Amino acid sequence: MAILNTHAFPVVRAGPSRFLAGFYVANFLVMASYLLARHHFILHGERKYSRLTGPKELYDWEKQAWGLFAVAMVVKYPRSASLDGFFSAMFLYAKAVIGLMTWMFDVRMFWCYIILFVTLFLMLPQPVYEGPDKIEYLMPYMLNDLTSSKDSVTWLVEFFAHWSPTCVHLEPVMADLSLKYGTEKLRFAKFDLARWPGQAKRFRINMAGASPQLPTLIMFEGGQEVGRIPHVYSDGSVAKGRYGRGDIIKGFELDSRYTRTKAEEAKKRVNGKEQGDAEGSKKEK
């Protein structure tokens, strides 16, 4: 199948170097700038702009706010699908803490930070991962062929929209899985629902902004759906989606499917070699 480039957001390459993109650098600098803001308040704070009586009260508020931030990060890290998702959550929570603290110690700084946060949101969206992968991008007619085919190929298709943060965070995970598990008979693909939203209804995917169904991963065998994340129950309710690497491997039994498809490929090569040897012997006679 042809590969279609559907990226509408900035892209970054694989590896740790992707975290040097403007989005990450700018947000880390914003977090670091809080040290300067609090230092200015301690030395030059004006009571008429502050809700705090002095540095001691500031320290008490900071211990609570940043303590909760640290706990949230400890809980969030193992639950994040990728580092991209973890950093996105960390920046969001840090901005909330900075907003709270500046609102308490200097309302002028609070409004400056609000303007800065909005500017960053509009000008520097989180970049989309673009590294090595074995993923095919599908168009509607390709998806129709895939779901009507009765061949023995198993497809794991990610239905995504790049405006969904969860979809952006899942990019490096799916790329890694495709490289590790992709074979001739176990293939990975993506379909852009933002570009072709009509397919969302066909596959029972809600595309609302806060939808828990973006992304949706569906596995097809012989054109039939055999599993999906998140699961949709018969009454239409949607299970909580777990997009961790281990969750996807376990949910779609990728280890056993990979072993089976590799064994089939090896058997096919052996049979092909034996057939070639037999034909060669006939020609010699």
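Positions of Cβ are set from backbone N, Cα and C atoms, glycine also.
Unlike curated records, TrEMBL annotations are generated automatically.
Among the features that TrEMBL reports, transmembrane segment is placed at 19-37 (among others).
What TrEMBL records for 86-104 (among others) is transmembrane segment. Note on the transmembrane segment (86-104): residues 19, 24, 27, 30-31, 34, 37-38, 50-52, 58, 61-62, 65-66, 68-69, 72-73, 76-77, 80, 110, 112-114, 117, 126, 165, 168-169 of its chain, located 6 or more positions outside it, place their CB under 8 angstroms from a CB of the stretch.
Annotated transmembrane segment per TrEMBL: 110-129 (among others), in sequence order.
Mean predicted confidence for the domain 'Thioredoxin' (120-268): the pLDDT average there is 89. Taken from TrEMBL, the feature domain 'Thioredoxin' applies to 120-268.
Taken from TrEMBL, the feature region 'Disordered' covers 263-285.
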